[in-house]
Amino acid sequence: MAGKARVHELAKELGVDSKTVLAKLKDLGEFVKSASSTVEAPVVRKLKEAFPAEGGSASGGRPGGRPGPGNGARPAPPRPGLAPRPGPRPVPGRPGPAARPGGPAAPSAPAAPSAPAPGAPAASPPASQPRPIAASAAAPPPAATSIPPVSSPAAASGPRPGPRPAGGPAAPGRARPGAPVPPPGGSAPSAPSAGGPRPGPRPGPRPSAPGNNPYTTPSAGPRQSAGQSGSGPASPPRPGAPRPGPRPGGPRPGAPGAGGPRPSPGSMPPRPGSRPGGSGGMPPRPGGSGGPRPNANMFQPRPAGGAPGRPGGGGAPGRPGGGGGGGGARPGGFAGRGGAPGRPGGGGGGGGGAGAPGRPGGGGGGRPAAGGRGRGGTTAGAFGPGGRGRPGRQRKSKRAKRQEWESGLEAPRMGAMVPRGNGQAIRLPRGASLADFADKIDANPGALVQVVFTQLGEMVTATQSCTDETLQLLGVTLGYEVQIVSPEDEDKELLESFDLSFGGEYGDDVELSIRPPVVTVMGHVDHGKTKLLDAIRFTDVVAGEAGGITQHIGAYQVRATVDGDERPITFIDTPGHETFTAMRARGAQVTDIVVLVVAADDGVKPQTIEALNHAQAAGVPVVVAVNKVDKEGADPAKVRGQLTEYGLVAEEYGGDTMFVDVSARNKTNIDGLLEAIILTADASLDLRAPTGTEAQGVAIEGRLDRGRGPVATVLVQRGTLRVGDSVVAGEAFGRVRAMLDEHGGQVTEAGPARPVQVLGFTSVPDAGDNFLVVPEDRVARQIAERRQARERNAELALSRGRPTLETILERMKEGEKTQLNLILKGDVSGSVEALEDALLKIDVGDEVGLRIIDRGVGAITETNVMLASASDAVIIGFNVRPQGKATELADREGVEVRYYSVIYQAIEDIENALKGMLKPVYEEAQLGTAEVREVFRVPRIGNVAGSLVRSGIIRRNTKARLIRDGVVVADNLTVESLKRFKDDATEVREGYECGIGLGSFNDIKIDDVIETFEQREVPRV
């Protein structure tokens, strides 16, 4: 056919239906959609190889192998050309085998009696012995229409298959299944040689019409046993019996077409030097002749001693094959498989595909007549898997593919064993995750996630930051003692990982030099601290401070002459306002001596006591400066007595604390104060520090300069800081580009106890951060990034917390209350920190909350405005102004920006704003009462109470309640109508009569009391 062949055309050519071809293509691994689909040439060739060489079926008509109904003595003779051809056909021109399955096989020679064919009447017991086939392959075969006389109708149905105990005696009159058939003369058959018959390469013929279903119920009567003898009519075959016609498996290459006899190796002349008795030199196999054997896949395995199968079909004389019934054939199937000599199984089958030799219950695999081993059949039939042969392409089933796919998607099991600690101590940083915990105990993080979920009831991922409480509870659960590393220890470990250290003892080989003392001036607000420093420095810093109060930490170095020697002294000025507690604490930590300033006219105040506590906590000596001694009402002795209660005893009272009376305004006794500072430093302190090492110190203050960028005021504590050094301070790092002293002059290096302003940081350091010089910029950047990550993890752990029922309810309540969002911008980091702490301490009630969503140092930028617009926040600028077009953007976005220069003004305004956001509180105020004297029924209105106002005023549209016998009958009513006689009234005063309508409420009786009231707002305190 031209072009590609279609499935239905191939089915027509092969003589089978399209479903059979589609099924065969599917078995071959070729998936074709429908009968009208085209098939490629290689697939056609493979398909034809899988089918037997019967390219076309005979002309129409009833198949000759189907016996007619009735109980006649013998079956009807087959029609020429319609009988099935189970075996290879002879060469065209020679008479080929035409015996149908319903007729007996013609004897090929008198000395070679053949076995009964399937469906043929069995001969008498002497004649029922298996007869060998003809010894010569050149003997002419008999006519296809020759039928021997029927001797018994009982054997017409053939031997009934069925299991039989192994090793039992065979029934008389038939060959024992599984045993070799003896040749004539009683001699044992010779073993097959290498040139003997071998398994056939193709499966046996299969009927063209449905009928080989092994599960079809037979419609014919029960067949008699194979051991019965006698003559009788042949019983009709069951619906499942094989019918003649083409069978699956394409024609073999070179096979002739339909209609002519097929060439048979048995009909060819013997090869020279071959043995007599069979083609190829091998003696013919006993059991009669037969065509190609059915495929072993079409049979169910049978025990070795099973009953014999159905008799095989007749075949050309001289061909090895099954004349007798092959063991193990299922009823309704094809002929039995031929049993090879010496192999267990049934009797010689009528020929079939290459079944597995030696399989229990079946005959040996069919072999070709000529020498040489044939290919084993691989096609799986309806009765079992294919036989041994060349392995075909293996395809995974859909179930196997799905299981493989699902196994790939299967999540890793988290049920791994978690090691127990047995009291072992492990150290974890703040905000550590379960992955960090797992690294410490060498466990699977997924297992810890499961433990936290199942035993602690928390849903935490492996990389999520956990609170300290969660980590400690997990440690108790697993038997570990979890120690949360403090920030100081964590930072120390971080520096040690880079072979760095901060602080520590000096080595013996380190050269120490004298350094100036660091003096911190502390005290209550407005007690004259900055004015005293101005007197020492001969400057006027107070005039530059907004509101006359110090809001920054200032560091200065002055030179004082004591006993003729000029001694440098470093002064640090701290704010005295209560909001700058953190600044005072930092000032006390970095100082050598604390000068406590107390006003002689004001005495000891709260911030005075706080500053004293900071100094005592830092363990530094204290010098008391009693200021404002020139004012009226000054009492320095009172100050000495008050401070005695806090452990500061003056020298004149027998103590060790130096008290100096000074006047900062008049610059009185300033030299005495400096002398007291130097004497205290020399007596109590070892003022030496190394100068040849890398610089280390503390950042006192930080700010963002518009032209210079981040600027940090640092105090060098050891070593020498030089321009070009790589430094890291907290989460900020950079390279020193320039250094400025307190007067704004450029300096190239700064030794111990020298305060300088450093330019070159990438961001503004926080006040109080330690700074140190590192070998290179890369190390500084890595240290800063790790500190940022550590701080971020700690903040995340604190913000998340444990999701318990209480916290969920609290968050729901927070969602209901009003919140004020703020963005803080200041000139220096210390001021921003102080402002944030002060604002967060404001408490006006649970209904309103304060949230600071961002804070920073420097001018107000457009980014701050956009963030405030997105979060409905107010921008607070402390000593800063907008930058660029931030003002225009704020006006366009409707963002409110407030500017402050004094911190307590900002605190007061924010507190008032929070109070204004409180929800109003209402209380009930009684307006008046009216007594019901009469009840009138008004159409379309209802009952109207004719009343007398007893007290107050009755107003229309006010709330009312009805009281009967002192009991409230109805509440939350409304005075919908109010009339004075026939006129509508807005209000009726005491002593007047009126008509009151309460809307749809009509349960009004005489002597009831109508009380009116309203809700009035109560001012919040």
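Note: Cβ is positioned from N, Cα and C throughout, glycine not excepted.
Source: prediction; values computed, not measured.
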Exercise. Can you dig out which of the ranges 523-530, 787-794, 1011-1018 Swiss-Prot describes as region 'G1'?
Key: 523-530
Self-check item: Of the residue ranges 573-576, 693-696, 717-720, 845-848, the one that Swiss-Prot records as region 'G3'
Solution: 573-576
Quiz prompt | The annotated region 'G4' range in Swiss-Prot, which must be one of 463-466, 627-630, 803-806 | solution = 627-630
Exercise. Would you please say which range out of 468-472, 548-552, 883-887 has the annotation region 'G2' in Swiss-Prot?
Key: 548-552
Practice problem: Quick one: average pLDDT across the region 'G3' (573-576), no decimals. | Solution: 63
Quiz prompt | Per-state residue totals over the region 'G1' (523-530) - DSSP helix, strand, coil | solution = 2 helix, 1 strand, 5 coil
